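S.K.: First the structure, then my questions, so here it is.
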Amino acid sequence: MSQYVIAIDQGTTSSRAIIFDHDGNIVSTGQLEHEQIFPKAGWVEHNATEIWNNTREVIGTALSKANLTRHDIAAVGITNQRETAVVWDKTTGEPVYNAIVWQDTRTQSIVDELAVGGGVERFKDKVGLPLATYFSGTKIKWILDNVDGARERAAAGDLLFGNTDSWVTWNLTGGVDGGVHITDVTNASRTMFMDLATLSWDQEILDAFGVPASMLPTIKSSSEVYGTVHTSQLLREVPVAGILGDQQAATFGQAAFNTGEAKNTYGTGCFLIFNTGEEIVHSKNGLLTTVGYKLGDAPTHYALEGSIAVAGSLIQWLRDTLGMISSAPEVEELAASVEDNGGVYIVPAFSGLFAPYWRSDARGAIVGMTRYVNRNHIARAALEATAFQTREVLDAVNADSGVPLTELKVDGGMVANDALMQFQADILGVPVIRPKVTETTALGAAYAAGLAVGFWNDLGELSSNWAEDKRWEPAMEEDERARQLRLWKKAVTKSMDWVDEDVR
């Protein structure tokens, strides 16, 4: 009997393959980073072919490290950076343009055009999302409008669209030789095109965007057998049986299956998801309404989400662009060497402000600078920015739900940073809890795939795998917490109203 499940985690900065055992423990991993392409200010792209090649390679790495073969693997699960759009030729398998990444802001003029007459909430009742550069829909329209011949080829039925889950699945299951063109409900809910109530593509919205329905993948549940692997000999005939967008996957991996449970993932961006059960809840406080998960024919679970565009990528910017640090862990050392931020606040609105503001006219700002400030203060302010943004999202969740969260489960790469987690607890005023397995995104995809093939029997079995690793209790006085929040909110206002006709 196969004793393991493999998860493919196609993320913003890298592609990984992680093998899990029945207890949810990591057996082995493979990881490769891909190039971040910045052709112009506000533009962010990935090479989709590089992503697929890396995916094949990391599968081999993970299997060889554990000395396993395809016969040991019960199923493949896939999780992915959501909203990142790939358009490719179904006959050649070649992308017609680079993947346009979720952080990319080039489509603001398309957003403005579509908002005429109905505002940015024109489609929100159906899809749960405001018009924004963040989601896939405007990216597809941009490719059709700007790549020579793309619109004509799409109209002829020659082009396919997918977020990177669809791109990886299509290639994994055969590509041009019968690859399965599908997506799951969680990824579909991030396109601007799926009706949350019917879980189907909305033709009226597609017509408004000018996107042919023939390009779109078939919408499936998050946990069912979609097909089997054909293009990788290493996993040949292994069922591909689970797909979840990365933030929904992390929620699933945290075993937040029930109404009122939540998690916050600290990665390139920061994403808090609050499970609303089988009810579609429309936020009045700047949150997104999205699909949480759907297991086979079981009822759909929905969620509220607070999306923060920049978290770990702010640390990358300090390292790779400014050269202020040599490695990400160095930030914790620098931040710990000073008692406070020296009066400095960094608002990392590189792609505008996401939740709860949704201000596309905002841009990054560093405020409160004096000659006293050194790079240690900057490092501390960079970490604190993530915690402050999370506090604002949590306030919105509490306002929408009417039941304040009493603790916050966390995961993602940044949760290894003890200083950040302590400050997060301090600024939230509630305990912050890290699980033993922090690779919850990949684990969630593995769980979805394993459930579909009977590797795990039910959600109760998955819940028993979850275990607490560390807990941070708030230690900040309430008066100081309130003062810090007032200063943060003041700093946020300084980032707004920047983009106008003079800014290119």
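Quick reminder: no glycine exception, Cβ is built from N, Cα and C everywhere.
What Swiss-Prot records for this protein is below:
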- Thr12, Arg16, Thr268, Gly312, Gly413, Asn417: ADP binding site (BINDING)
- Thr12, Arg82, Glu83, Tyr134, Asp246: sn-glycerol 3-phosphate binding site (BINDING)
- Thr12, Thr13, Ser14, Thr268, Gly312, Gln316, Gly413: ATP binding site (BINDING)
- Arg82, Glu83, Tyr134, Asp246, Gln247: glycerol binding site (BINDING)
S.K.: Taking Cα atoms as reference points, which of the binding-site residues Ser14, Thr268, Asn417 is nearest to Tyr134 (sn-glycerol 3-phosphate binding site)?
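M.R.: The smallest Cα gap between Tyr134 (sn-glycerol 3-phosphate binding site) and any of the binding-site residues is with Thr268.
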S.K.: State the count of C-beta atoms found within 10 angstroms of the C-beta of Arg16 (ADP binding site), not counting that atom itself.
M.R.: 24
S.K.: Which entry in the list of binding-site residues, Glu83, Asp246, has its Cβ near the fewest other Cβ atoms, using 10 Å as the limit?
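M.R.: Fewest other Cβ atoms within 10 Å, among the binding-site residues Glu83, Asp246, is found for Glu83.
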S.K.: In the structure shown, with every protein chain counted, which of the binding-site residues Thr13, Ser14, Gln316, Asn417 has the densest set of Cβ atoms within 10 angstroms of its Cβ?
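M.R.: The largest 10 Å Cβ neighbour count belongs to Asn417.
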S.K.: Which one is it: of the binding-site residues Thr12, Gln247, Thr268, which Cβ has the fewest other Cβ atoms within 10 Å in this structure?
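M.R.: If we count Cβ atoms within 10 Å for the binding-site residues Thr12, Gln247, Thr268, the smallest count is at Thr12.
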S.K.: Identify all same-chain residues not among Arg82, Glu83, Tyr134, Asp246, Gln247 whose C-beta atom falls within 8 angstroms of the centroid of the glycerol site's C-beta atoms; report them in sequence order.
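M.R.: Everything else in range on the chain: Gln81, Thr84, Trp102, Arg190, Gly245, Phe271, Ser307.
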S.K.: Listed ATP-binding residues Thr12, Thr13, Ser14, Thr268, Gly312, Gln316, Gly413 - what's their greatest C-alpha to C-alpha distance in Å?
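M.R.: Value for the max Cα separation, rounded to a whole number: 13 Å.
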S.K.: Expressed to the nearest Å, what is the distance separating Gly413 (ADP binding site) and Gln247 (glycerol binding site) at their Cα atoms?
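M.R.: Pair distance, Cα basis, whole Å: 13 Å.
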S.K.: Anything within 10 Å of Thr13 (ATP binding site)? Look among the binding-site residues Glu83, Gln247, Thr268, Asn417, comparing CA atoms, and list what you find.
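M.R.: Close binding-site residues: Thr268.
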S.K.: Around Gly312 (ADP binding site), how many other CB atoms lie within 10 A of its CB?
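M.R.: The Cβ of Gly312 (ADP binding site) has 20 Cβ neighbours within 10 Å.
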S.K.: If you measure every Cα to Cα pair among Arg82, Glu83, Tyr134, Asp246, Gln247, the residues listed for glycerol, what is the largest value in Å?
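M.R.: Across Arg82, Glu83, Tyr134, Asp246, Gln247, the widest Cα separation comes out at 15 Å.
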S.K.: In angstrom units, rounded to an integer, how far apart are the Cα atoms of Arg82 (sn-glycerol 3-phosphate binding site) and Gln247 (glycerol binding site)?
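M.R.: Distance (Cα to Cα, whole Å): 8 Å.
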S.K.: Do you see any of the binding-site residues Thr12, Glu83, Thr268, Asn417 whose C-alpha is within 10 Å of Gln316 (ATP binding site), and which ones?
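M.R.: So the list is Thr268.
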S.K.: Nearest to Glu83 (sn-glycerol 3-phosphate binding site) in three-dimensional space, by Cα, is which of the binding-site residues Ser14, Gln247, Asn417?
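M.R.: Its closest listed neighbour, by Cα, is Gln247.
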S.K.: Quick one: Cα separation, Asp246 (sn-glycerol 3-phosphate binding site) versus Thr12 (ADP binding site), in Å?
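M.R.: Cα to Cα, Asp246 (sn-glycerol 3-phosphate binding site) and Thr12 (ADP binding site) are separated by 10 Å.
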